[in-house]
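K.L.:
Found this in TrEMBL, in case it helps:
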type     : residues  : note
TRANSMEM : B:12-32   : transmembrane segment
TRANSMEM : B:52-74   : transmembrane segment
TRANSMEM : B:86-103  : transmembrane segment
TRANSMEM : B:109-130 : transmembrane segment
TRANSMEM : B:186-210 : transmembrane segment
TRANSMEM : B:239-257 : transmembrane segment
TRANSMEM : B:277-299 : transmembrane segment
TRANSMEM : B:319-337 : transmembrane segment
Amino acid sequence: MSEAVIELKHITKRFAKVLANDDVSITVHKGEVVALLGENGAGKSTIMKILYGLYHATSGEIWIDGKEHKIASPKEAMALGISMIQQHFSLVPAHTVTENIILGNCKGRVDIKAKEKEIEALAKQYGFDVPAGEYIKNLSVGTQQKVEILKALYLNARILIMDEPTAVLTPQEIDTLMAFVKNYVSKGNSVVFITHKMKEVMQVSDTIVVMRNGKICGTVKREDTNEKELAHMMIGHDLETLQAPGGDDPEKKKKRLIVEDLTIQKKDSAPVLDHINLTVHEGEILGIAGVSDNGQQELCEALYGAETPTQGKILLDGRDITATSVKDRITMGMGYTASDRYRYGMVAEMSLAENMLLKASYLKNWVSHGIINWKKLRQYTERQIKEYKIKAPDCNVTAGSLSGGNQQKVVVAREVDMGKSLVIFDQPTRGLDLGAINYVHKTILGEKNSGKSVILVSTELSEIFALSDRIAVMYKGRIMGIYKNGELTTEKIGLLMAGYQPDKEEEA
Amino acid sequence: MKQNGKIKDFLLWTVLAIVLGLIVSFAFLPLLGVDPVDSLKIMLTETFSDKFTMGNILIKTTPLILTSLAFAFTYKANLYNIGAQGQFYVGCICAVATTLALQTKLPGVVVLLLAFAASILGGGLTGLLIGFLKAKFNANEFLVSMMSTYVVQYVMQLLLRTALQEPKHEYLKTAYIDNSAWLPKIIPGTSVSLGIVIALAAAIFIWFILYHTSLGYRVRVTGLNQDAARMSGISPKKMCMTAFFISGAIAGLAGFTEINGMQHMLLTGFESDIGSYGIGIAIMASANPIGVIFAALLFGTLQVGGTALGHSTDAPASVIDVMLGFVMLFVLMSFFVRRKLEIRKLKHQKLQKGEA
């Protein structure tokens, strides 16, 4: 192996309370593609942002070309030949490709025509088809990404960091990108590729660094490993004991929710939901596993009426509810705890009592003839505070003043009551402490036992395994398969979550 | 307990800010060659010497309560209705036209009720149009409402030259409305009419809507968290239009109280400041409908006092605006100072807790 260009030594990064990176050491050699693999929140982006000067390490050293450097800003990183393509592009839509690329790197009078030629030549060199004079807003996402890459190349970057570069691309665009990466490193440059998709890792990388919970849990050569081993490393070894579903078979019970062929596809882009078919019975928990941002939120919102499907049908208790509004579905007894509760589930500035009313402002529970019965609502809220052991002095404090776990309890308490027939939980325990997690889990099981249907979306496999009767795995807006709890091993589910059908040679 | 302390704190700070604002504005008077101590004496004695002038305070306060309520209501929905002035003018036009057309033909009470309804409807529809443009085309409601005032102003000019002009066609004003269609005076020896009662009732009504009805609740939810509103079956677009309708209706109502209660005719350039004062008052009262009453009363008092000052000393009439400006500035600054202190206190408490 050729000499090391970048050595990150024992980097630790602490945000207030969270340990984002814990003693992370990574070495990147000349002409090498390093894949940084891990689940969302594993600390992949953080470590690379430290290298790029966006964050500063709490402790640890950065060595470049055998010398220690302190990188205080992206500008200094760029001066060292390091460039990072962010998940969200930093382009000016109202400017042309050329203007964007030379932005910040030109002085005085600019000969745009000459620059355009220069950039077109650069693009051709790497086989990019990028119109140098076109406005960014007229370009597809894939081409915009190429512009981002050209921006880095224009500054003679020799180390390119790409944060989830394929997340927004079509399969064809991914192929072009992969070809570029190979071409680029063959010229003696290096690439760090942040991803949670194993397929790409196997396709393009030389060295694979797997991260979990801010730590490195393995550095392997591609030749020495396989998807199974990687999935294992990525998800962790602590999920071996699987709990078999208890009680009688819910599949024999009445079907409550039937989803047929549900698709959401915005014009000129990949589908967010791709022909989803699923059924939830009475008294059943359907777990939906998957790496986050694979269409779970869209599925929940479509079921709740907040997203309009472009195709397909949703039936609740035999009634077609595809065209009904959120308001109607609340009335029909649907509850939904959104994964981003702060944004979708509560009003931080309002009191707990007011937050309890949120979904019921059109219902008759506490409102008659348009006038709110505050006394009744406050009594109800006080009862819920007691029942759910919410740590709050009374029902008049604002929701925003509670801790995250207690906020979630408020939302869960409300939605469980609203959802008389079906409750959708999207990441119900994200960011909660163990006690609160336990309480929410007990509540979910309690609801199932009372005959309600439950959809549980989670990226935590332990949660899915502990609660679900059946498990559906989502990948890129598709259901990779629905299995009974107990049929799946950690390895198998890991592969499904990464887009592999383990039984078949080729990806379905 | 805690709540009481907060209110006391708030009152103390606000009074302090008002006094400071007055002191600073009076400090400018020597520059104009006017003795500030003398002027303060004159202002106080003139304002509170006779019943009639004190009545004037209430007269000035009436439309200010209404226009600031108009701003406050949309503010609760996180929308900005800068066009209360225009909606007020539409209310004026509707009230005066209805009254002139129907007076003496119908009993006075009926004419008053119809003028009342017409002004509310006119203002409300003007507001609704702005809300509709916002909801449908995502037009910037700030700009649209602001510019709508100018449109209404010129339409009013046109009407005052044509259909509504007084019979002699000499001045840009309407004819006087008949005595039978005047709002009754409620305090003898002053010109204070039922208008002030209507304004107070409107403030209480808006407070009730906001805090005791599901409609007001939805408006507030939309204002605080639009995403949560959408996810709760509340349509932010519908709320935008509703909020603008109610806001416009309240501003339009000011047209009724001013035409039938005070001026008894419509003339060009009528009460041309109440829209912008309304915004200031609403902000000063943190958009609380009950707080609006007191803030408006303060503005009314300062206006009357400032007018007295202009009459009896060499100070120019624009002194009023300087005074109002400073008082508002200081009240707003007191909010920020208070919040800073509160946050510092909280941090301190947290630190102590952490160490314990």
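Each Cβ is built from the backbone N, Cα and C atoms, and glycine gets one as well.
Keep in mind that TrEMBL annotations are predicted by a computer and have not been checked by a curator.
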K.L.:
Based on Cβ pairs under 8 Å, which of the stretches B:12-32, B:186-210, B:277-299 lies most in contact with the transmembrane segment (B:52-74)?
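P.N.:
Counting Cβ pairs under 8 Å, the winner is B:277-299.
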K.L.:
Which of B:109-130, B:186-210, B:277-299 has the most Cβ pairs closer than 8 Å to the transmembrane segment (B:239-257)?
P.N.:
B:109-130
K.L.:
Cβ under 8 Å to the transmembrane segment (B:86-103), counting only same-chain residues 6 or more beyond its ends: which ones?
P.N.:
63, 66-67, 70, 110-111, 114-116, 118-123, 125-127, 145, 148-153, 155-156, 159, 164, 174-175, 177-178, 180-181, 247-248, 251-256, 258-260, 265-266, 270-271, 274-275
K.L.:
Within the same chain, where does the transmembrane segment (B:319-337) have neighbours whose Cβ lies under 8 angstroms from its own Cβ atoms, ignoring anything closer than 6 residues to its ends? I mean 6 or more beyond.
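P.N.:
Sequence-distant neighbours of the transmembrane segment (B:319-337): 13-14, 16-18, 20-22, 24-25, 28-29, 32, 277, 280, 283-284, 286, 298-299, 302-303, 305-307, 309-310.
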